[in-house]
Amino acid sequence: MTPFQDSFGRSVTYLRVSVTDRCDMRCVYCMSENMEFLPKAEILSFEELERICAAFIRSGVTRLRVTGGEPLVRRDIGSFFSALGKYIHKPGEGGHLEELTLTTNGSRLSLHADMLRRAGVRRVNVSLDSLDFERFSRITRRGRLDQTLEGIRAARNAGLAVRINTVAMAGVNDDEFDALLSWCGEIGADLCLIETMPMGETGEDRTDRYLPLSTVRADLARRWTLEPLSLRTGGPARYMRVAETGRLLGLITPMTHNFCESCNRVRLSCTGQFYTCLGHEGATDLRRPVRDGVDDAELLTLVHDAIGRKPKGHDFVIGRRPDDPAAIRRHMSVTGG
Ligand code: SAM
Ligand code: SF4
């Protein structure tokens with residue numbers, strides 16, 4: 001099969017798959033309080049999702065991240081992980097995965113950590129924006145910090161490497177980055193700070209919350225020794241080592257730093273919409289063709305064509321209102337972070 005390459009010469013090797021739009025939390029930057037979720041019939045079955053993933057793997061996708069919504073709320077999610085796990089490290093005609101990963105809010109991680117390890121997952125990203133119980137529940141609107149902490153413990157006990165994802169929000173959690181760095185050092189996890197992206201209507205104004213990570217980094221550097229690294233893990237984070245803890249600090253800066261020039265990522269939504277850029281509305285429907293019974297060659301032609309149209313970059317601008325034609329109306333939970 002021909003490997004995926006876009007018109008700017010970027011190879012596409014990384015697929016993020018959202019398995020559900022549903023979630024047991026309603027984080028203020030991600031969802032509105034009263035979300036309407038999609039009817040089940042619109043959501044791809046695990047068989048349909050696996051079929052599409054297999055076609056991508058045959059065409060050179062070697063890293064696959066399962067995300068959502070909250071992937072671990074989908075019933076029988078273990079069967080999907082074990083199906084994908086079969087593609088790990090099996091070079092051959094059908095292609096293979098070098099890495100299978102997960103992004104989760106951690107609420108149900110303690111129930112699934114051993115299953116993930118057995119399926120071949122070796123590292124997970126867990127979202128956690130505060131170590132303060134009350135603040136955590138305010139940000140997530142209905143999350144419980146103790147459950148997420150229990151999930152992180154279970155993941156570490158199961159032998160999974162953990163990266164904590166924290167969305168940096170001015171006036172909300174910007175007084176906690178030192179505490180988060182220390183805590184990550186203690187539990188043996190890496191920390192990744194993420195700039196707020198203007199996606200979807202959340203019922204909150206994100207303009208005041210926006211915090212450029214260049215400022216955060218300069219501030220942290222006054223108290224911590226941050227050694228820049230060239231390490232990349234396939235995603236958009238730029239890493240440095242925190243000398244005092246030995247752990248990594250990653251920064252995802254879609255707003256201040258244009259991370260598009262080296263973008264190798266594409267996304268599949270839980271309804272089979274194929275997105276080649278998080279920051280553009282355009283998508284290619286793969287559900288209809290799959291349900292109409294196209295063969296793999298036809299499916300891959302659609303995917304190759306879409307990748308050929310992958311935009312050079314996004315144009316997020318914080319402060320855009322959802323009714324601004326240039327704003328991204330889609331919630332992050334549709335395509336997954
Ligand atoms: N529910 C899982 C979780 O929270 O980890 C997976 C899906 S969630 C959409 C994936 C990541 O996107 C999370 O780390 C979350 O913090 C991040 N995210 C969601 N909305 C965002 C936004 N508007 N800007 C920046 N990051 C966002
Ligand atoms: Fe749910 Fe994750 Fe979105 Fe929070 S960030 S509402 S946990 S999908």
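Glycine is no exception: its Cβ is also placed from the backbone N, Cα and C atoms.
Whatever TrEMBL says is automated annotation, not expert-curated.
Model, not experiment: these values are computed from the prediction.
Binding of GTP is attributed by TrEMBL to R16, T103, R265, V266, R267, and within the candidate set R63, R65, R142 the record adds R65 to that site. Record note: TrEMBL gives G69, S127, M197 as S-adenosyl-L-methionine-binding, and the candidate from Y29, Y239 in that site is Y29. The [4Fe-4S] cluster 2 site in TrEMBL is built from C260, C263 plus one of C270, C277, namely C277. Here C23 ([4Fe-4S] cluster 1 binding site) is positioned 5 angstrom away from G69 (S-adenosyl-L-methionine binding site), judged by their C-alpha atoms. DSSP assigns Y29 (S-adenosyl-L-methionine binding site) to coil, not to a helix or a strand.
Each residue contributes its Cα atom, and for C263 ([4Fe-4S] cluster 2 binding site) and R65 (GTP binding site) these two points are 15 Å apart. When pLDDT is averaged over the domain 'Radical SAM core' (7-236), the result is 93. Taken in sequence order, the binding-site residues C30, C263, V266, R267 that lie near ligand 1, meaning a CB under 6 Å from one of its atoms, are C30. Of all the binding-site residues given, namely C23, C27, Y29, C30, S127, M197, none has its Cα within 10 Å of the Cα of R265 (GTP binding site).
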